[in-house]
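Residues annotated as active site, proton donor/acceptor in Swiss-Prot: 136. Annotation comment: Swiss-Prot describes 165 as active site, schiff-base intermediate with substrate. The annotation pyruvate binding site is assigned in Swiss-Prot to 47, 206 on the grounds of sequence analysis. Per Swiss-Prot, site 'Part of a proton relay during catalysis' is recorded for 46, 110, and the stated evidence type is sequence analysis.
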């Protein structure tokens, strides 16, 4: 049986203060996730603004995540993707050497590899480490789609590739993957379809909303994994509006604004080209948040 990291996972935001990484603030956010029942955290992914972090900042985030989760049940699935295979390998090796439990590796963006190129890319990454590797398919951002046959080929050929974070927005894709390979771990990468994916055999979620509502995301996921689908759906229905507003602008713009409004980060800062949400959207985010019980530190 393959070693896997699954369940309720949070795609962590990266807080900044005066343009620099807010290390103390980052640690506080992680401790709050641990306290509220999350199974794993995902530092330096899309939501963590990995594209605009320096390599040093990327590594510091992983180190803080590993150190903060030490001696807890919470796993660290470190973001370690790149559109250059050698760089993705370097990041994967760093994550493993510094104690990450696994890595999340986004499909190479911009250079649009073929399916064979994707296979070779991921096979090189998997061969470079022993920890679990989760593929990350998000064609809307990368311009590159890891097709089901490539996912299954990698799952069968690489011992430590255990599944895929599916953020294509297609429930059919997830059903198709599981129909062809029931042992594959399919994780939802879009909060709006967490419940449909979980109720069709998905093994967890990598959530943006759980930055704000980790307890609710954990409860939804755990109910679904325990086959208590009515309870899971009740929570999913309650989360509908907040999940929707979190994508009123490009992620992670809305979730960072929400975290600031909730007092969970000290300053609302992004790295350009990301910038503050519009005044109208900021008001909508704030209004939507009033319907939810947001736990503090």
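Placement of Cβ uses the backbone N, Cα and C atoms for every residue, glycine included.
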Neighbourhood of the residue listed as 'active site, schiff-base intermediate with substrate' by C-beta distance under 8 A, where only residues 6 or more apart in the same chain count: 104, 134, 135, 136, 137, 138, 187, 188, 189, 206
Rounded Cα-Cα span from residue 46 (site 'Part of a proton relay during catalysis') to residue 110 (site 'Part of a proton relay during catalysis'), Å: 15
Packing count at residue 110 (site 'Part of a proton relay during catalysis') (other Cβ atoms within 10 Å of its Cβ): 8
Assigned element (helix, strand, coil) containing residue 165 (active site, schiff-base intermediate with substrate), judged by DSSP: strand
